[in-house]
Amino acid sequence: MMKLILYLIILIILSFKSNLFWMIQCMVFVMILMMLGVSLNLFYWSNLFYLGGIDFISYGLIILSIWVIGLMFMSGMMAHMNNLYMKFFILNILMLLLFLICTFCSLNLFIFYLFFESSLIPILLMILGWGYQPERIQAGLYLMFYTLLVSLPMLLGIFYIFNLGKTLMFYFLLEFNLNNLLLWLIMLLVFLVKMPMVFFHLWLPKAHVEAPVFGSMILAAIMLKLGGYGIMRVMVMFQKLVFDWGHYLISLSMLGGIYISLICLHQVDMKSLIAYSSVVHMSIVLAGYFTLSFWGMSGAYVVLIGHGFCSSGLFCLLNINYERVHSRSLFINKGMLMFLPSLSLWWFLLLSSNMSAPPSLNLLGEINLINSLISWSGLMMFSLMFFSFFSVLYSLYLFIFSQHGLFFEVSNNFYSIFLREYLLLFLHWVPLNLFFLKLDLFILWFY
């Protein structure tokens, strides 16, 4: 793993040179090949270096991070063409990738916390620097205050854990079984805000609406996954408390997911609708994890990976529309089937994956999660029925309203879809659906 970090540091140095945009993008994708060459032990930490190493959870999320960062370069072409602080744009994205890889590689809880919070800075700079409207300052403040307000108590909690056990290494923390309710809430709250859980989600739609396309991609694909990853890593210390109090979080997550699905159905801002749909996906992930079952754990992990590709692709699609129509409103983006028929296919493919149609990863993940929740309590069948129904409903609502109906003639000078944009959508859709052929990677390691 050290070679990956050194390679990335070399890329950061190259970002100060001019006219290397495409070369750096290609070199980011080379990192995928470097990761595929890593020999991985499915059940233990491997590829160890000082305070770092990977296991299977972090391996999948590192590959997802590198893949999405590579696609961010492709989606940021407008910034490249307009020369909007291009060197700083490349530096910002590469620094974010470095922070993410170090977060997923951390073996020490304090180092994990350090990089977990550091990854917020590049996202904030993206929103403030390349956002579209003056309201981006308010969105940035929401993002900062929601996340930083709960992060200081977590730091105190980490010091308390170190004082108890004299270690913060993850493989020693597995032996802990702490029974301190306040400490559990302090450690949990950070990840609930980052995921985000319902009632802690208010920063997410604002941040998405004001962020540029590459900011929305990384927010949806990776930043939300940091919350899920943190819960998987840290909650092993509090197994008794999760067992005793988890049912409250499961009930709250499922009811909140249904409530947010209803909010999706009366959104007219397409970007806001896709952002709220992310909250719905994360609510079932959280509920599945707190069942503490094999199906729940594996299903949560699969939905985290699948949602990363799917949600990022939807934000790219919306941006392709936005660059032509200059509006995110469903009232103005009607009848796109008439003007951009080839794009309509991509809307259908990605929205069908968003509603967990086969053969997407989301289908596999939600089947596992439904199994775990029904085996936890048969009464969950009723909430899952509404949950699944409304998830399909808001996806169909977005597709039908945007592709059908009478076109709002704001402009007639449409330009066609670029080959780069087709490739961008293709590279989102292919891993989302072809990983279905390699399901053992996502499930067997939990045994």
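Just so it is clear, glycine is given a Cβ too, placed from its N, Cα and C backbone atoms.
The domain 'NADH:ubiquinone oxidoreductase chain 4 N-terminal' annotation in TrEMBL covers 1-103.
Per TrEMBL, transmembrane segment is recorded for 56-77 (among others). Within the chain, the transmembrane segment (56-77) has long-range Cβ neighbours (under 8 A, six or more residues past its boundaries) at 21, 24-25, 28-29, 31-32, 35-36, 38, 40, 42-43, 89-90, 93-94, 96-97, 100-101, 104-105, 212-214, 217-218, 221-222, 225, 229, 232-233, 301, 304-305, 308-309, 312, 316, 319, 420, 423-424, 427-428, 431, 441-442, 445.
Within its own chain, the transmembrane segment (84-104) is flanked in space by residues 1, 4-5, 8-9, 11-12, 15-16, 18, 20-21, 24, 28, 52, 54, 58, 61-62, 65-66, 69, 72-73, 76, 78, 111-112, 115-116, 118-119, 122-123, 125-126, 129-130, 214, 218, 222, 226, 229, which lie at least six positions past its ends and keep a Cβ under 8 Å from the stretch. Under the heading transmembrane segment, TrEMBL lists 84-104 (among others).
According to TrEMBL, the domain 'NADH:quinone oxidoreductase/Mrp antiporter transmembrane' annotation covers 106-390.
The transmembrane segment feature in TrEMBL is assigned to 110-132 (among others).
Listed by sequence, the residues of this chain that lie at least six past the ends of the transmembrane segment (139-162) yet keep a Cβ under 8 A from its Cβ atoms are 109-110, 113, 117, 120, 123-124, 127-128, 131, 168, 173, 176, 178, 183, 186-187, 189-190, 193-194, 200, 202-203, 206-207, 209-211, 237. Annotation source TrEMBL lists transmembrane segment at 139-162 (among others).
Taking Cβ pairs closer than 8 Å, the transmembrane segment (182-204) reaches residues 139, 142-143, 146-147, 150-151, 153-154, 156-157, 160-161, 219, 223-224, 226-228, 230-231, 234-235, 237-238, 241-242, 245, 249, 252-253, 256-257, 259-260, 275, 278-279, 282-283, 285-286 in its own chain, all 6 or more past its ends. Residues or ranges marked as transmembrane segment by TrEMBL: 182-204 (among others).
If you look up TrEMBL, you'll see 216-239 (among others) marked as transmembrane segment.
For the transmembrane segment (245-266), the list of distant contacts is 181, 184, 197-199, 201, 273, 276-277, 279-280, 283-284, 286-287, 290-292, 373, 376, 380, 383-384, 386-387, 390-391, 393-394, 397: same-chain residues at least six beyond its ends, Cβ to Cβ under 8 Å. Positions annotated as transmembrane segment by TrEMBL: 245-266 (among others).
Per TrEMBL, the feature transmembrane segment maps to 273-292 (among others).
TrEMBL lists 298-318 (among others) with the feature transmembrane segment.
Look at TrEMBL and you will find 330-353 (among others) tagged as transmembrane segment. Note on the transmembrane segment (330-353): residues 267-270, 306, 310, 313-314, 317, 320-321, 324, 360, 362, 395-396, 398-399, 401-408, 410, 414, 417, 422, 425, 428-429, 432-433 of its chain, located 6 or more positions outside it, place their CB under 8 angstroms from a CB of the stretch.
Taking Cβ pairs closer than 8 Å, the transmembrane segment (373-401) reaches residues 250, 254-255, 257-258, 261-262, 264-265, 270, 273-274, 277, 280, 284, 287-288, 291, 293, 295-296, 330, 333-334, 347-348, 351-352, 354-356, 366 in its own chain, all 6 or more past its ends. Summarising the annotation, TrEMBL assigns transmembrane segment to 373-401 (among others).
Residues or ranges marked as transmembrane segment by TrEMBL: 422-446 (among others). Distant neighbours of the transmembrane segment (422-446): 42-43, 56, 60, 67, 71, 74-75, 294, 297-298, 301-302, 305-306, 309-310, 312-313, 316-317, 342, 346, 349-350, 353, 358-364, 368; these residues of the same chain sit at least 6 beyond its ends, with a Cβ under 8 Å from one of its Cβ atoms.
Averaged across the domain 'NADH:ubiquinone oxidoreductase chain 4 N-terminal' (1-103), pLDDT in this predicted model comes to 85. Residues 192, 195-198, 201, 204-205, 208-209, 216, 220, 224, 227-228, 231-232, 235, 239, 242-243, 246-247, 249-250, 253-254, 256-257, 260-261, 263-264, 267, 299-300, 303-304, 307, 311, 314-315, 318, 354, 362, 366, 368-369, 372-373, 375-376, 387, 391, 394-395, 398 of the same chain lie 6+ residues outside the transmembrane segment (273-292) yet bring a C-beta within less than 8 angstroms of a C-beta in it. For the transmembrane segment (110-132), same-chain residues at least 6 beyond its ends with a Cβ under 8 Å from one of its own Cβ atoms are 51-52, 79, 84-85, 88-89, 92-93, 95-96, 99-100, 102-103, 139-140, 143-144, 147-148, 151, 154-155, 158, 162, 168, 170, 207, 210-212, 214-215, 218-219, 223, 226, 230, 233.
The list of residues near the transmembrane segment (298-318) in space but at least 6 beyond its ends in sequence, with Cβ under 8 angstroms from a Cβ of it, reads 57, 60-61, 64, 68, 71, 75, 208, 213, 216-218, 220-222, 224-225, 228-229, 232, 270-271, 274, 277-278, 281-282, 284-286, 288-289, 328, 343, 346-347, 350-351, 353-354, 360-362, 364-369, 371-372, 421, 424-425, 428-429, 431-432, 435, 442-443, 446.
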